[in-house]
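Asker: Once you've had a glance at the structure underneath, I'll fire off some questions.
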Amino acid sequence: MHRFLSAPVAVCHSIEATRLIEATAMADLPPRALMQRAGQSLARFALAVAPHARTIWIACGPGNNGGDGMEAAIHLRRLHPNVVVTWFGDMRQLPSEAKQALEAAMEAGVTFAIQPPDSLRPGDLCIDALLGIGANRAPKGKMNEWLQLMRSAPSDLISVDVPSGLDAESGVLLPNMGFGETTMMAGILLPGALPDITRSVKHPQQRRYTLTFLSGKPGLLTGEGIDLAGEIWLDPLGAETWVRAVQPEWTVNRSKPKRVVDHHAHKGARGDVVIVGGAGDAQKDHSMAGACTLAGAAALHGGAGRVYMHLLDARAPRNNPLQPELMYRSIRDLDLQKVTAVCGCGGGDAVGTLIPDLFTDCKQLVLDADALNVVATDAALRTLLQYRAQMGWQTVMTPHPLEAARLLGRKDAAEVQANRLQAVRELVDVFECVVVLKGSGTLIAGPGMPCHINVTGNSRLATAGTGDVLAGFIGALMAQGMPAFEAACAAVRRHGEVADEWPTATQLTALDVAHRL
């Protein structure tokens, strides 16, 4: 057992692949062996997390996830004086191994209570063993009441395999389609430090953990999974051989910027970046030149040798006394085949007039914001993107969920958020380039590459301009020679690390991020 994100290499499997691993292991092991191992692991973890708990409440569901909880209860009964076990299920519909676990718990003297403990205090422990990776409907009725009680209590919370109601693959909470009321039994066994605890934002007294089995689950690392899962621990249950035999579909992003420059290198050797955007509206007295400035600052601090600015707002000043290194040029005065272009930051509709030239002349290109909106409405530009891929030219797109929805012809961002992993793969297939789908658990994918899930960053990045900074940073790393996919992975990770390292009580701005890359 180990903290999942502390492993040198952390990979995730799909639900289908996890089922294959489980079935292969079970075929070579005695009946119920995996469930018994899971229960023993869960019991050890519970005692490590909450060694001084007055009460341990284990809420068991109607499937194998509940069976894991029952197996844990058998061990905890021997080691802790105050364990409360509740069970939500129907004996006639229990899977075979879960039924055996329930019968074993009864034989071991585990008693069952109809209701959860009356009072849960800080330091107590709740164990969510209601629903696992096979659930396709959200909990309803009494099960949902128990789940909400566990998540709102001040006591610590362990989710078994995945938080109940979370899609283990997409990271979204399942739609509440209902679980009809079933026969309920629950029982009483009155029960019974780890660093880097993830606490619930809504309930800061509560520490949340997920103990997942066999392999990593991508839904724990993206979308709503990040907040629900808390600190993730993995126990392969002795099935490492079977896990390694199945190809993972997702990898946790570990990339770091590679900025190795020879001692004799000059500024030209560090690469040139041009930022294209910063549109304005004279009638409304609006300007988005600041977006370009942020991207340019990120490119400079990200290591680019020279950074040029092509501003679309004719009224915007062509100098920046706070960042005098930025040079203002028209793209017509630059050799586009020798620069990395970052296009779209504050570009408005006006950026559309320049995109065709950038697509056909620039070998390295980062598309952000308004450039993506232009591409979403222009079939000819989609064809040009495919041409770029055929030429071996590098393109990175950095959409947020709404921009991704436009690119895919979806109704709104919610459709993308409903399955972020599927959406990023579709974007790669359609546009044949590297895609960074921003959001909670940013995803990076590229043609022929495994999807990387980023685990750095937090809500401090939810401010204006941080996306421009990320685009400029990716451009800087590409200009220095990093391949597009590696540059995107490294930039996303470092961008998030800045937010993680920032003092809690201090506001983080986009320019702060740029200056600390």
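Placement of Cβ uses the backbone N, Cα and C atoms for every residue, glycine included.
Just so you know, TrEMBL annotations never went through curation; they're auto-generated.
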Asker: Among Gly409, Gly467, Gly472, which residue does TrEMBL annotate as binding AMP together with Lys438, Gly439, Ser440, Gly441, Thr442?
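Answerer: As annotated by TrEMBL, Lys438, Gly439, Ser440, Gly441, Thr442 share the AMP site with Gly467, chosen from Gly409, Gly467, Gly472.
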Asker: Among Asn64, Asn65, Asn253, which is the one TrEMBL gives for the K(+) site where Asp128, Ser164 also bind?
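Answerer: Candidate in the recorded K(+) site: Asn65.
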Asker: Quick one: of Asn65, Thr442, which of the binding-site residues has the smallest count of other CB atoms within 10 A?
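Answerer: Output over binding-site residues Asn65, Thr442: least Cβ neighbours within 10 Å is Asn65.
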Asker: Between the binding-site residues Asn65, Ser164, Ser440, Gly441, Gly467, which lies closest to Asn136 ((6S)-NADPHX binding site), Cα to Cα?
Answerer: Ser164
Asker: Centre the Cβ atoms of Asn65, Asp128, Ser164, go out 8 Å, and tell me which other residues of that chain have a Cβ in range of the K(+) site.
Answerer: Ala59, Gly61, Gly66, Gly69, Ala129, Leu130, Leu131, Gly132, Leu147, Ser159, Val160, Asp161, Val162, Pro163, Gly165
Asker: Determine, for the AMP site, the additional residues of the same chain whose CB lies within 8 Å of the mean position of the CB atoms of Lys438, Gly439, Ser440, Gly441, Thr442, Gly467; present them in sequence order.
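Answerer: My list of surrounding residues reads His400, Leu437, Leu443, Asn454, Gly457.
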Asker: In Å, rounded, how far does the Cα of Gly467 (AMP binding site) sit from the Cα of Asp161 ((6S)-NADPHX binding site)?
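Answerer: Checking the Cα atoms of Gly467 (AMP binding site) and Asp161 ((6S)-NADPHX binding site) gives a distance of 33 Å.
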Asker: Give the mean pLDDT for the domain 'YjeF N-terminal' (18-245) on the 0 to 100 scale.
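Answerer: Result for the domain 'YjeF N-terminal' (18-245): average pLDDT 87.
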Asker: Can you give me the Cα-Cα distance between Asp161 ((6S)-NADPHX binding site) and Asp128 (K(+) binding site) in Å, rounded to a whole number?
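Answerer: Spelling it out, the Cα of Asp161 ((6S)-NADPHX binding site) and the Cα of Asp128 (K(+) binding site) are 9 Å apart.
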Asker: Count, for each of the binding-site residues His400, Lys438, the other C-beta atoms lying within 10 angstroms of its own C-beta, and report the residue with the smallest count.
Answerer: His400
